[in-house]
Structure formats: C-alpha cells, structure tokens
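Trainee: The structure is given below, and queries will be raised subsequently.
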Amino acid sequence: MAHHPSDRGTPDPGCPERSSADRDPEDPEAAGRTTGPAPLGRTPGPVAGPARLLPPPGPLRGYAVLTLTMSFGRGIFLAGAVLYFTQVVGVSGTQAGTALTVSAFAGMAAAVPGGVLSDRFGHRRVLLGLLVLQAVLFALWPLAGSFGALLLLSAAMGIVEGASRPVRAAYLGHLAGPEQRVAARAYNRAVLNAGIAAGALLAGVVLSAGSPSAQRLLFEVNALGLLLATAVLLRLPDSAGTRRIRSGGEGAEPVPRTSPEPAEPPVAPGSDSDVAATPGGPAGPAVPAAPGVPDGTAVPAGAAGKAVPAARRVSQDRRYQVLALLCGLMSRHTELTSVALPLWVVLHDGVPPWVVSACLLVNTLMAVTLQVWISRGTESVPAAVGALRRAGWAILAGCGLAAVSGAMTVPWMTGTLLVAVAAITVGELLASAGEWELSFGMAPTERLGEYQGAWSLFGQACGALAPMAVGAALSAWGAWAWLAFGAVFPLAAALTGPAAGGRPVRARRV
C-alpha cells in the first residue's frame with residue numbers, strides 16, 4: 001500500500017540558470033526544468049523520469065537516504081507490531097488495538113507543537129532530537145511485558161512520531177527551495193514506499209520463524225537504523241530557526257534565510273492576508289536592514305526600525321484549515337486500498353485471497369515508479385488544484401469499476417479490480433502532488449513547521465474515523481458504497497479551488 005502523507009512527505013536538485021529564451025521548447029528535458037539558482041549548492045541535474053528513484057547527488061539525495069533508513073524501520077514496525085504485542089507480550093487483540101489508537105491520538109496532539117518547536121529552534125536540530133528519542137523508545141520495546149507498559153510506550157512513540165512528521169516536511173521544504181518542493185516530496189514518497197516494502201518483507205521473513213527473540217531483535221534493528229539516520233542527518237545542511245523580527249534594534253530576532261524566489265505582487269488592501277509585500281516590489285524600493293537585522297536582509301521602504309508584520313498563526317488562517325481538511329478527505333484513498341478492497345474480496349465467495357496481494361502490489365509498484373513523473377507540472381497553486389481535480393475523477397472511475405466488479409465472475413472480477421486499483425493509484429499520485437504544493441504554497445515561510453503540523457493534524461483527523469466508516473458502509477450498502485466513496489473525491493477536489501483563492505499566501509521572503 002502506498003503511504004501518505006503524513007509522512008499526508010525529494011525534489012530534483014536545481015539546474016543551471018537559463019532564461020526561457022535559452023531553452024529549446026522541443027527539448028523535453030529543458031521544458032521540465034525549473035529555472036533559478038540551485039539553493040544550498042545542490043548539484044545540477046534534469047528532472048527525473050519514472051525510472052529514477054533518487055535525486056542527483058547533493059543534500060536532497062542525502063535526505064532520500066535518510067528517508068529510506070527511517071521507512072525501512074517503519075515497515076518492520078507496521079508488519080510486526082501487532083503480532084509482537086499479541087504473541088510475545090501476550091495482550092489481547094483489543095488491547096493491541098487500544099495501544100495503537102492511543103498512539104495515533106497522541107501523534108495528532110503533538111503535530112502542531114512539533115512544528116512550532118522546529119520553527120523556533122531549527123528544523124534539523126529538532127529532527128535530530130526526535131530521531132534519537134525514537135531510537136531509545138524502539139530499544140525499550142522488548143522490555144514491555146505488560147499492557148500498561150505497552151500503553152505508555154505507544155503513547156510516547158505516538159508523540160515523537162506525530163511531532164516529527166511536520167518537522168520532516170518543513171526541513172525538506174527548506175532543503176528543496178520553493179521551486180522544487182513538489183518534486184522533492186515526490187522523490188521522498190517513492191523512497192518511503194520502497195523502504196516500507198523492504199522493511200515489511202524482512203519482518204515477514206523473521207515473523208515466519210516464530211521466534212520471540214528474533215521478533216525482539218527487529219526492534220533493536222530499528223533502533224540502530226534510526227541512529228544511522230541521525231548520522232546521515234548530521235551531514236546535511238542546517239536550517240536556521242524561523243523566528244520572525246519583532247522589532248528593529250537591540251534584541252531583534254533573525255529572519256530565516258530561504259531560497260531566492262520570484263517577487264510577488266503586493267497584497268491588495270482588504271485581501272485575505274496579513275503578510276508584508278515583497279521587498280523591492282511595487283510597495284517600494286528596498287532599504288538597508290534595520291539595526292539588529294542580519295546583514296543582507298532588506299525590508300520595505302519606511303520599515304527600518306519598525307515592526308515587520310508577522311504571518312498569522314495557523315489557528316487564525318481559516319483558508320489553510322479548510323484546504324487541509326479538504327486534502328485530508330482526498331487522502332482517504334488510502335482506506336480504499338487498505339480497507340475497502342480486502343473487505344470487498346472477503347464479501348465475495350470464491351475470490352482467492354491473493355487478489356488482494358496482487359492489487360496492493362500494483363499500488364505499491366506504481367507509487368514507487370510513477371510518483372516523481374506524475375508530480376511534474378504541479379509547482380503552483382492553480383496547477384495543484386488542477387491535479388486534485390483530475391485525481392478526483394480518476395478515483396471515482398476506479399471506485400465505479402470496483403462497484404461493477406461484484407456482479408462479475410471471479411476471473412473478470414479479478415481483472416477489473418486490478419484495473420480499478422490502477423485508476424485509484426493514479427488519482428492517489430495526482431492528489432499527493434497537489435496536496436504537497438498547497439501545503440507549502442499556502443503557508444508562510446516563517447511558520448512553515450507550524451503550518452505543516454496543522455496540515456498533518458487535519459489529515460490524521462480525517463483518517464481516524466475513515467476505516468470504521470468505510471467498513472460499515474461497504475458491509476451495509478455493497479456496491480453502492482463504492483459509488484458513494486468515489487463521489488467524495490471529485491466533490492472535495494472541486495472545493496479546493498475556491499478555498500485556495502487562486503494564489504498562495506506567503507510571508508515576506510528574504
């Protein structure tokens with residue numbers, strides 16, 4: 001199964017600066033490039049096709065290795081946790097489910113605070129601390145011998161994992177720069193799925209042996225993998241804390257240094273934004289920074305020595321919250337393949353269980369090999385909205401095929417379900433690309449971690465009730481449930497355009 005995002009989360013390094021006049025419009029490689037300087041000294045390289053899973057050498061490839069290491073351990077945990085809890089610890093299936101539910105809700109509660117901390121102290125620094133904490137917690141898993149200990153460790157793990165999701169997203173966004181964030185997330189998601197699949201495969205081999213000591217060893221391997229991930233992270237560029245300037249003069253806080261970005265027009269009076277106009281743009285020429293502001297930072301004319309308008313907190317940004325909720329609904333394609341599909345097969349006698357495995361294999365292979373390619377061209381808010389709309393129709397088509405498959409013979413049903421899963425996966429990949437652009441493009445730079453935390457929170461909130469709702473609807477309504485599921489996606493996608501308002505709202509760039 002392809003996993004969202006939340007982790008509901010690497011772009012192609014930058015290419016040499018070339019004007020549009022210098023590019024050959026017939027050259028597909030040149031047409032796919034993003035112009036502009038490559039931030040953080042990344043190695044130039046072309047946009048990847050379906051076959052390339054890693055970005056060219058540079059910080060983004062290092063981040064991809066980091067993701068591969070972490071996701072490998074995640075795959076081990078996802079495949080082996082429940083069996084370990086029930087077979088080795090000796091808790092009941094209900095208690096194991098309770099522990100995982102507590103972990104999920106603890107992660108939801110930690111998402112926004114984790115993002116706020118990373119904005120204040122630096123994304124890389126906070127992520128390092130969280131990785132070390134995760135390694136310690138995984139090393140403690142084999143010591144859990146009771147339901148109480150299991151519950152405590154699950155809650156702690158949920159907090160650390162929930163806090164790390166927005167931190168990872170924000171750090172990747174800073175490494176990639178505004179022009180390449182979508183491609184970065186696409187690379188990252190492809191590597192994520194590959195790592196989870198490899199980890200699950202290893203866990204399956206170990207679990208088949210039935211040895212408790214071997215199952216305990218899986219957690220220690222995961223802990224070592226996380227420590228290896230911290231070593232990789234230490235070699236990547238740092239990200240300064242994104243604290244805003246409160247005032248000029250003594251005690252002013254530093255403005256984050258982000259990748260250069262084209263100037264945006266000033267915000268019209270009365271528009272849905274309280275961010276400052278772009279320095280040097282129509283609002284007036286740039287002037288030297290006020291005392292206490294880092295060298296090289298410019299502020300709008302007349303702003304020297306005065307407070308710089310700060311980006312609103314995410315709790316005040318209704319538009320972003322609505323978009324996060326809509327995209328959280330769009331992310332529920334996960335439950336279509338992980339819950340609805342297996343249950344649909346169970347409800348039809350004579351359909352072999354391997355059909356579910358075959359469908360999930362199609363989903364995973366498409367996610368690993370096609371995500372980067374399908375994500376091309378979604379590097380703006382309007383393009384992201386268009387991708388979400390196409391995703392909605394693709395998922396609706398897949399759900400329609402799944403609905404009619406129930407009236408077919410087993411061979412025809414098998415083939416139709418494979419095609420249905422392929423259509424749903426195309427929608428999944430398009431939706432993921434659109435969501436990534438909106439989650440970054442509609443967020444102010446100085447509060448990127450906080451906004452990513454809210455995005456993660458809304459996505460997880462939508463996912464908390466989805467498995468139960470999908471299972472109940474499919475059991476009660478049969479094929480009609482598939483049509484109801486499918487209708488949700490184009491409807492949610494259609495609402496993202498008005499919610500996005502046609503343009504991103506960003507904080508002042510420096």
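Each residue, glycine too, has its Cβ placed from N, Cα and C.
Sequence annotations record features per position, and here TrEMBL assigns compositional bias 'Basic and acidic residues' to 1-10. Annotation comment: TrEMBL describes 1-54, 243-294 as region 'Disordered'. As annotated by TrEMBL, domain 'Major facilitator superfamily (MFS) profile' applies to 59-504. The annotation transmembrane segment is assigned in TrEMBL to 63-85, 97-116, 136-160, 190-211, 217-236, 322-347, 353-375, 387-406, 412-433, 454-474, 480-500. Annotation source TrEMBL lists compositional bias 'Pro residues' at 257-268. For 274-294, the entry in TrEMBL reads compositional bias 'Low complexity'.
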Trainee: For the domain 'Major facilitator superfamily (MFS) profile' (59-504), what's the model's average pLDDT?
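Mentor: Averaged over the domain 'Major facilitator superfamily (MFS) profile' (59-504), per-residue pLDDT gives 80.
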Trainee: Any residues 6+ beyond the ends of the transmembrane segment (136-160) with a Cβ under 8 Å from its own?
Mentor: 73, 77, 84-85, 89, 91, 95-96, 98-100, 102-107, 109-110, 130, 216, 219-220, 222-223, 226
Trainee: Quickly jot the same-chain residues contacting the transmembrane segment (217-236) by Cβ under 8 Å, restricted to those at least six beyond its ends, or write none.
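Mentor: Residues packing against the transmembrane segment (217-236) from afar: 59, 62-63, 65-66, 69-70, 72-73, 76-77, 80, 84, 124, 127-128, 131-132, 134-136, 138-139, 141-142, 175, 202-203, 206.
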